[in-house]
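Per TrEMBL, the features are:
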ACT_SITE  Tyr164  active site
ACT_SITE  Asp203  active site, proton donor/acceptor
ACT_SITE  His301  active site, proton acceptor
BINDING   Asn61, Glu89, Asp203, Asn205, Asp300, His301  Mg(2+) binding site
DOMAIN    59-301  domain 'Endonuclease/exonuclease/phosphatase'
SITE      His301  site 'Interaction with DNA substrate'
Amino acid sequence: MPKRAKKNEEAVDGETGNGTAPAKKEKKGKEPEAPILYEDPPDKMTSKDDRAANMKITSWNVDGLRAWVKKNGLDWVRTEDPDVLCLQETKCAEKALPSAITEMPEYPHKYWAGSEDKEGYSGVAMLCKTEPLSVTYGIGKEEHDKEGRVITAEFPSFFLVTAYVPNASRGLVRLDYRKTWDVDFQAYLSSLDQRKPLVLCGDLNVAHQEIDLKNPKGNRKNAGFTPEEREGFTQLLEAGFTDSFRELYPEQANAYTFWTYMMNCRSKNVGWRLDYFVLSAALLPGLCDSKIRNTAMGSDHCPITLYLAV
């Protein structure tokens, strides 16, 4: 993330993408509009079929693990207390991980994936209270797996996949690659789903519908809101998966998980919903709640939390 954006340039997500169109100049004498904020409602702890939540998963794009630890991100995690913590954009080689997280006793089972080619780029992690049955890295294709974007853990009744989906980047220079990723990643998820239902969580680097970002009109040609990326997510849903937040809150506007550091976007709630919990159809009856913890600071993304009865 560059510290400053040049005049008239789009501000971007950590991999250089997700633009925010420049705000129009206010007319003299006009009072600025008060921001419309999202308030995370009370947690729902039972599913539609009256089962109590017994699995809590949190996902957070930390935009650099070492900086996030220094910003007391782990204090928030200890308060939230999920069963599994998934992190994206760790930007940290395993040898350089802070001891504050590697020695965290609450999560004895920790798994890390990083970029093979570029240190300090991409990267995901999964921290579990209970040991998974098995853990795998990547999706089985070298062109994707060298960037350290996916960890999959198998639990008794479901797979958990955490992903940091490639950004199409400024100027859409990686859009063709992103389209290839979307096809290959969907095939990977569908193959898992044939064996056992799954939860996919992470920064999926797409705002699916206009309701999922503040300024849709100004971002149609920017990474994260191109027709191609949106169609890729539509295809995933049509393959039998469900966006858990929209399942529960279909009309909820102003609910975002990413805000560029530029132009005070977070305080104005000029954001994007890029972080998701996506569920197999078989898990939907056990869906209790899908939360956006937008008051948690420490990154340009906020954490999200899933409550599930499994």
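Each Cβ is built from the backbone N, Cα and C atoms, and glycine gets one as well.
Sorted by the number of other CB atoms within 10 A, the recorded positions Asp203, Asp300 start with Asp300, the lowest.
For the domain 'Endonuclease/exonuclease/phosphatase' (59-301), the model's average pLDDT works out to 97. Cβ neighbour count for Asn205 (Mg(2+) binding site): 28 (other Cβ atoms within 10 Å of its Cβ, all protein chains included).
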